[in-house]
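According to Swiss-Prot, the features are:
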{"type": "BINDING", "residues": "GLY13, SER19, ILE20, GLN40, ASP66, VAL67, VAL94, LYS166, ILE195, ARG196, THR197, LEU198, ALA199", "note": "NAD(+) binding site"}
{"type": "BINDING", "residues": "ALA97", "note": "substrate binding site"}
{"type": "ACT_SITE", "residues": "TYR149", "note": "active site, proton acceptor"}
{"type": "ACT_SITE", "residues": "TYR159", "note": "active site, proton acceptor"}
{"type": "SITE", "residues": "LYS204", "note": "site 'Involved in acyl-ACP binding'"}
{"type": "SITE", "residues": "ARG207", "note": "site 'Involved in acyl-ACP binding'"}
{"type": "SITE", "residues": "LYS208", "note": "site 'Involved in acyl-ACP binding'"}
Amino acid sequence: MGFLTGKRALIVGVASKLSIASGIAAAMHREGAELAFTYQNDKLRGRVEEFASGWGSRPELCFPCDVADDSQIEAVFAALGKHWDGLDIIVHSVGFAPGDQLDGDFTAVTTREGFRIAHDISAYSFIALAKAGREMMKGRNGSLLTLSYLGAERTMPNYNVMGMAKASLEAGVRYLAGSLGAEGTRVNAVSAGPIRTLAASGIKSFRKMLAANERQTPLRRNVTIEEVGNAGAFLCSDLASGISGEILYVDGGFNTTAMGPLDDD
């Protein structure tokens, strides 16, 4: 019996088998959780439903949801409530900024509209999901989980306004933890090392970032979606019942280093 047996989880943000959300879904399924999913638009519906079936779910537990639209978020929980009488876990794996914001000098390329979009989709949407799912999760010792990156606290080439949005997201983790803790709901984030996903492909020179990270991380390798998925499943389980408001780094130790190995090491 897995450590998530009996838990019900809504996973928001599965886009491909290579996405971090997929790694989390696979780990949660392995550990016995019952899963529901959202998809952004009709173009992704068939793909997400196919993935869901592989993780023990079914099409009626896959719901349309553009996280920029509060009415769609509320509709997800209204529909989910017809199938489940409660919810234990929400996984938020959503991040977006216009492509022109992720290419070039931060001061030069950042715009008011790009800033707004990045924060709305990448940070506020987590709060919106928590707000809409609050009643279904109340009193169940449940967990909210989101995904961040070290660019929230350190500058990264071309990450630009997404770094600011992730910083906002991490602050949201702490404030949500304070807001929902008395109801038994924990809130945490996994800060993953760079992984080749669809979202990451929009960042200029991402392959160079991967190579640099591999050289400089203590483990001398990049992490996988399976490793991030395992950490996410743990944080959402009763094994982590005393952890809330935290950012868990799954980056091979990169966040602990000030200087990577020298060329002659």
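Keep in mind that glycine also has a Cβ here, set from the backbone N, Cα and C atoms.
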Counting only residues 6+ apart in the same chain, whose Cβ is under 8 Å from the Cβ of TYR149 (active site, proton acceptor)? MET156, TYR159, MET162, GLY163, LYS166, SER191, ALA192, PRO194
Nonlocal residues around GLY13 (NAD(+) binding site), in sequence order (Cβ under 8 Å, 6 or more apart): SER19, ALA21, THR38, VAL91, HIS92, SER93, VAL94
Hey, does DSSP put LYS208 (site 'Involved in acyl-ACP binding') in a helix, a strand, or just coil? helix
Only counting partners 6 or more residues apart, tell me which same-chain residues put their Cβ under 8 Å from the Cβ of ASP66 (NAD(+) binding site). GLN40, ASN41, GLN72
Does ILE195 (NAD(+) binding site) have same-chain partners at least 6 apart in sequence with Cβ under 8 Å from its own Cβ, and which are they? LEU18, ILE20, ASN222, VAL223, THR224, ILE225, VAL228
Counting across all protein chains present, how many other Cβ atoms fall within 10 Å of the Cβ of the residue listed as 'substrate binding site'? 25
